[in-house]
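Asks: Following this message is one structure expressed as structure tokens.
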Amino acid sequence: MDSNTVSSFQDILMRMSKMQLGSSSEDLNGMITQFESLRLYRDSLGEAVMRMGDLHSLQSRNGKWREQLSQKFEEIRWLIEEVRHRLKITENSFEQITFMQALQLLLEVEQEIRTFSFQLI
């Protein structure tokens, strides 16, 4: 995994956890949790690609991995929409920068997961 991506995830998660968005802090915590889950999933897919022999163990361990992959893409799309919405409504420059970087990272991760999945298919 790219070390820049790891630090980007960590940086964005740290900054998002410091944000106070009033009544929507519960939503923000949900976004943070999904970001972390997405990072772990992307990492595990990347590791499986690196050990191409793991394709069979990945498939046998999780017979529904294509369904899981589809679910992750849905989560990414939801997060992208949520981040775009937050970006539109916030006037705080710190939050704007954080959400712009989160959006960029989500788009990069979506592309990485897509690339990994094509290699595994």
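We count from 1, first residue shown onward.
Using the three backbone atoms N, Cα and C, a Cβ is placed for every residue, glycine included.
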Asks: Match it up for me: which of 25-34, 85-94 does Swiss-Prot list as motif 'Nuclear export signal'?
Replies: 85-94
Asks: Quick test of your reading of Swiss-Prot: among 12-21, 102-111, where does it put motif 'Nuclear export signal'?
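Replies: My reading of Swiss-Prot: the motif 'Nuclear export signal' range is 12-21.
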Asks: Mind tallying the motif 'Nuclear export signal' (85-94) by DSSP state, helix then strand then coil?
Replies: 7 helix, 0 strand, 3 coil
